[in-house]
Amino acid sequence: LHNPQLVSPTPQDFRSFSTPEVERPIRCRRHTSISSCLLYLIRKLHTSYIMSAQTKHFFSDPNHLVVTALHSLTLTNPSLAFDPENKIIFRRPDSLKKKKVAIVSGGGSGHEPAFAGFVGQGFLDASVAGTIFASPSAVQIRKAALDCVDNEQGVFIIPMNYTGDVLNFGMAAEKARAAGIKTEFFAINDDAGVGKKKGGKVGRRGIGGGILVLKIVSALAETGASLEEIHRVAKQANSLLATVGSSLEHVHIPGRPASEDTIPVGEVEVGMGIHNEPGSHRMKFTLPELVKTMLFQILDHNDPDRAFITREPDDEFVLLINNLGGVSSLELSGITDEVYRQLEQDYSIKPVRVIQGTFLTSLNGLGFSASLLKLADNGLGAGKSFLELLDAPAEAVGWSAPIPTSTWDRRTDAPVELKKTKLAEEQPSNVKLDPATIRKVLGAGLRRIIDAEPTVTRYDTIVGDGDCGVGLKRGAEAVLALLEDNLSSLDDDVVKTVNRIVTIVENTMDGTSGAIYAIFLNALVHGLREQDKGKTTPATAEVWGEALKYSLGALGKYTPAKPGDRTMIDALVPFCDTLRDTKDVHAAAQAAQEGTEATKSMKASLGRSVYVGGEDEWVGKVPDPGAYGLSEFFTGLVEAIPKQA
């Protein structure tokens, strides 16, 4: 959505995102009070956990934090300079390539990368920082406008619309005018979460969407536009912009006591500000419901309190999804997809640009904002449209929208047809085994794995992360379904059968063990094909032994695991070696069991068991879970194979 060069499938079953709620208490007359107390306790514990995570910081002194954070920008962008006394980040004079109107912004700290992270060629010329959530002083801002930027062509001062920022940046603007510098001032206001009535004379707050206005006017200044043109375009762009934010919790400022005011589990505050200001309301939610509410506040033209932008059927929009600081990149991407889907489905809006990232935060806020900018003719001609100004390059560490106009112009929604490569593994082979035998023997081994899942899980919970048993069971059940499906039409071609099993394993078993099994089985396909003599070749123990030897060698290229490292290799290698040497599958299974038993006394040198403490409690008692699961599979196999006389 925010890179038109990429394609992906669009399965409809992705639309079930939700936020789980705590289960409601059982309505038993005798125990209503007990269940209510338990629910209350669960909520309090959850709140305590959230607040504990929110109040932990690496810095305890917020003032020191702000200064060091600002200084770091000069380390990541060599074109920047830093005035630590006034907390100003500005472009070095030697980085300026031409005379232009200087763009100055800023505000309280805690919103990074805004605003200092947007200083650089193609973006701001200077940013002034206050303490966390507090406006910088007029003295600081005046210093930036008079001494830190080239103000010969004029200065455009553009903060967000908060009382402290308006007063201090406004005072600095008047100081600059008094000093004979051409100066214009505008306060960005884009918040639609709080309506016109509640906003009163103060107006809308400036939140995430304001970054689009900053980018537009900064890029316009780079073209040599006049101060008057820049001021007019700022007002026009702002009038076409609306943003709503939502958060799961209030943020904590480093160095301050934790607040007792928390948002209950399963609720979200719609319209919450970037300084913990209250929003329009709280609601229980799933993500689709939340997005629906937010878009309704932005786009409902029938709401006189929030109809900040009008909309016609052919209007084009830019969508900005902004992380308030504490949302993972994974979740933010899912949120972007949901917002885009609802815009297209419910409003017939297909944004011409999708910009996603962390632009204006509220420290580590557990929330996001969605902004829509309606595109319109700004009267400046070719090369200066809103889209072209947004797409223009910028050397600012905080701007993460690097896709150029030329790439967006090539955007197409035509599906990409994947080429179908004919793999060698799909070719038939002459290595044969009766399908009924495959079903019987392999099925017995798979059922043994499934039955062993509780034991494997118990072992892995003690010495690992507890997922080994479930992963093995999931893969075994999927392969067993293939064997038991009458429509699967297993034939006597062993290579074909193993290759089908490989596909299932690759799609159902994840994590390290899944990768190891997939590598081993892929190599086994090749190893079996190497045993094809050009004529019918029964899949004897000798054939399997040689194929398994090849598989072990291939696996050794990708893992350093060897017998004695306390891994599944301690069961796999004895089985393969014994089968190759003796041609006796029962002896091979016995060797795998003995190898597994030996892992009880081994110290882990690979895998997650390396990081698990308490070895004194399980060494000598608990085998490696992966080795145990594999040896159970081998045991199941031989139970279905009669012993040779």
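Backbone N, Cα and C atoms are what each Cβ position is placed from, and that goes for glycine too.
What TrEMBL annotates here:
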DOMAIN    61-399  domain 'DhaK'
BINDING   G108, S109, G110, H111, D165  substrate binding site
ACT_SITE  H275  active site, tele-hemiaminal-histidine intermediate
DOMAIN    436-639  domain 'DhaL'
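Projection of TrEMBL feature records onto the structure.
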| residue | record | DSSP (3 states) |
| --- | --- | --- |
| G108 | substrate binding site | strand |
| D165 | substrate binding site | helix |
| H275 | active site, tele-hemiaminal-histidine intermediate | coil |
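Counting only the Cα atoms, the space from H111 (substrate binding site) to H275 (active site, tele-hemiaminal-histidine intermediate) is about 9 angstrom. Around the Cβ of G110 (substrate binding site), a 10 Å sphere holds 27 further Cβ atoms from the protein chains shown. As a whole-number mean, the pLDDT of the domain 'DhaK' (61-399) in this prediction is 94.
Sorting the recorded positions H111, H275 by the number of other Cβ atoms within 10 Å puts H111 first. Note: D165 (substrate binding site) has non-local neighbours G106, G107, G108, S135, P159, A187, G206, i.e. same-chain residues 6+ apart with C-beta under 8 A of its own C-beta. Cβ atoms within 8 Å of the centroid of the Cβ atoms of G108, S109, G110, H111, D165 (the substrate site) belong to the same-chain residues G107, A114, F115, A129, G130, I132, F133, A134, S135, H275, site residues excluded. The Cβ neighbour count for S109 (substrate binding site), using a 10 Å radius over every protein chain in view, is 26. S109 (substrate binding site) and the residue listed as 'active site, tele-hemiaminal-histidine intermediate' are 10 Å apart (CA-CA, integer value). For the binding site of substrate, formed by G108, S109, G110, H111, D165 according to the record, the largest Cα to Cα distance is 14 Å, rounded to a whole number.
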